[in-house]
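Before any comments, here is the structure.
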Amino acid sequence: MEGMRSLEKPKVVFVLGGPGAGKGTQCSKIVERFQFEHLSAGDLLRAERAREGSEYGALIDDYIRNGKIVPVEVTCSLLENEMKKSSNNKFLIDGFPRNQDNLDGWNRQMSEKVDFQFVLFFDCPEDVCVGRCLNRGQSGSGRSDDNIESLKKRIATYNNDSMPIIKYFDGIGKVEKIDAKYNANDIFTKVEKIFCNSGFK
């Protein structure tokens, strides 16, 4: 049976929502409850940027500092490497695809290799998101982008680039939308129902 598993394409759920929508918190709950592996595109890029001798380091640094989206080939390669290294077969991909270029790149590079499930979309009002990020910055998240200037850029980028992606997936009936302004436990009750209804136990 073990040999069979390798033939099964990994199941992938995309997790999208604005900065501060609570994606990270919910992802850790999903990991605990449904044994998914959580791949954060941002964390992978930050780790790669910091890695000694990374061929992509300086390039990633430049993009992140300017609030721009890193070229999709880089992000897809990092995601694919993590999936290959893992013994898990269920992945949450958090903060990706963020724009049309990301989506096109994913479709070219990855869509044949995975079993895409749905987009988990955390819909959260802008003021709530900003408040959460600023609190996170003040309590020492260590993230250089948890400040009001970077946030404004990130939210504008999200509205311009990511919302059309969510609309696209919605159009093909692949979005599970969660109202993310509530507290984390209430939100997770809804998340749990979605995963159970999709056949995850």
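Just so it is clear, glycine is given a Cβ too, placed from its N, Cα and C backbone atoms.
As annotated by TrEMBL, ATP binding site applies to GLY20, ALA21, GLY22, LYS23, GLY24, THR25, ARG136, TYR182. If you look up TrEMBL, you'll see 40-70 marked as region 'NMPbind'. Positions annotated as ribonucleoside 5'-phosphate binding site by TrEMBL: ARG46, LYS68, ILE69, VAL70, GLY95, PHE96, PRO97, ARG98, ARG143, ARG154. Under the heading CMP binding site, TrEMBL lists ASN102.
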For a quick check of understanding: among the binding-site residues GLY22, PRO97, which residue's Cβ has the most other Cβ atoms within 10 Å?
PRO97
Cβ atoms near GLY95 (ribonucleoside 5'-phosphate binding site) (within 10 Å, other residues, all chains):
24
Residue counts (helix, strand, coil, in that order) that DSSP gives for the region 'NMPbind' (40-70):
19 helix, 1 strand, 11 coil
Quick one: pull the CA-CA distance for TYR182 (ATP binding site) versus the residue listed as 'CMP binding site', whole Å only.
29
If you measure from the Cα of LYS23 (ATP binding site), which of the binding-site residues ARG46, GLY95, PRO97, ASN102, ARG143 is the nearest?
GLY95
Most Cβ neighbours inside 10 Å, all chains, among the binding-site residues LYS23, ARG46, ARG136, ARG143:
LYS23
Find, among the binding-site residues listed as ALA21, ILE69, the one whose Cβ has the highest number of other Cβ atoms within 10 Å in the structure shown.
ALA21
If you measure from the CA of the residue listed as 'CMP binding site' out to 10 Å, which binding-site residues from the list THR25, ILE69, GLY95 are inside that radius?
ILE69
Need this for a regression test: binding-site residues ARG46, ILE69, GLY95, PRO97, ARG143, filtered to those with Cα within 10 Å of ARG136 (ATP binding site). What's left?
ARG143
How big is the gap, in Å, between the Cα of ARG46 (ribonucleoside 5'-phosphate binding site) and that of THR25 (ATP binding site), rounded to a whole number?
18
I'd like to know which of these binding-site residues, GLY20, GLY24, is least surrounded, judged by other CB atoms within 10 A.
GLY24
